[in-house]
Amino acid sequence: PVLLGCGSAQPGGCPALCECSEPAKTVKCVNRNLTAVPPDLPPYVRSLFITGNPLTDLPAGAFPAQRLPDLVSLNLSGNHLRTVEAGSLALPALRQLDLSGNALVSFSPQAFGEGGSPLEELALRGALRDHGVLLSLAALLQSGALRNLSRLELADNGLLLLPAGMFTALPALRQLDLSNNSLVGLRNVSFQGLGQLQSLNLSDNSLGVLRNTTLVQFRSLPALRHIVLGHNTWVCDCAIEDLVAWLKESDQVEGKEALTCASPDKMLGKALLKINGSDLNCSVPVDLPSQLQTSYVFLGIVLALIGAIFLLVLYLNRKGIKKWMHNIRDACRDHMEGYHYRYEINADPRLTNLSSNSDV
C-alpha cells in the first residue's frame, strides 16, 4: 500500500498529519499531537487509528455518519480522552471500537445515538477508573443499544464490584474479559441471558470464593467452556466447599489444577482440587444469617410452648387461684380497715382520751 501524507486534504484525500492507504481503506493518525478529530477524513476509510494524541473530547458529530458510512473499525486508544458525548459514535457500520488507555470521566449512554449500534467489539482496558463512568457504561449496556456486542473487554480498571444487571441486555455476548481488576465477589452479577457466552476471564482479581448462586449460573450457560480463575485470593474455609465440588466435576475452568489457597495460613498454597472435607473445620455452620434465623424461629416456638403451658396451668387451677385472690382481697380489706380505725382515733381527741382510759 502506498502511504500518502498531505498538507491539506482533497476530496477523498488524506488529512494533514495522517497516513492514508486507499487500497487498504485505512487511515492512521498516530502520535501526531492532535487535539481534535480531523474533520476531513476520507469517506472510503474502513479502519481508522487515532492513537497517542492529546485528544480530550469526542463531541457530537466527531465522526459524521454521512461522511464515514463505511467506517468499521475505530481505534482511539492511548489518547487523553475524558468525555464521550452523546452522538459522538453514531456510525452506521461501526463494528469494532477501542477506547483503552484513556482516563474517561464522562461517557454518555447515548454516545452511539438513539437507535442503537451494530457494534460487536468494545475494548475499555484501563479506561474505567472513574466510578461514574462505570455506572454510565452499565446504563448504556442495559439500555439495549449494544445488543449485537459479542466481545467486551473491561480489564485493568481496578473494579471492586460491578453494577447489578450490567450484562443482562447483551444476548450476543461471547467473550467477556474482567481480568486484572480488584473484584471481591460476583454476588450481584447476573449472567442470565448470556446464552452465547463462550469465554469468561476472571483472572488476577481478589475473589475469595464463588457462591453457589454464581456456580449455578455457570452451569446453566450451554456455550460457556472457557473460564479463567487464576491468580485470585481464594479463602479456603467452609464457604469454599461448593466451589471445590464444582471444580472437581466441571470441565469449564482452564488451568484449574493451578488454583491454590491464599488463606488461612494452614491452607496456604494448597491446591483447591486437593481439598477434602477433613481439611476444612466445618463444625460451625458457615451461613451465619441462616443459622441465626433458624435460632430465632426455634426460640419463638419455645416461648410459645411456655406461654401455652402457663395458660393451661392457670386454667386447671382457676378455682384455687380464685380462692387465693379472695383471701388476698379480704386480708387487704381487713388491713385497710385497721388503718382507717387508727386514723379516726388519732384524728378525734375525744376518741384518743377514750382509747387511753380504756387502755388504763
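The backbone N, Cα and C atoms fix where each Cβ goes, glycine too.
Whatever TrEMBL says is automated annotation, not expert-curated.
According to TrEMBL, the features are:
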DOMAIN    13-47  domain 'LRRNT'
DOMAIN    232-283  domain 'LRRCT'
TRANSMEM  296-316  transmembrane segment
Worksheet item: To what whole number does the mean pLDDT across the domain 'LRRNT' (13-47) round?
Response: 95
Response to the item:
Counted with DSSP (H/G/I as helix, E/B as strand, rest coil), the domain 'LRRCT' (232-283) has 24 helix, 9 strand, 19 coil
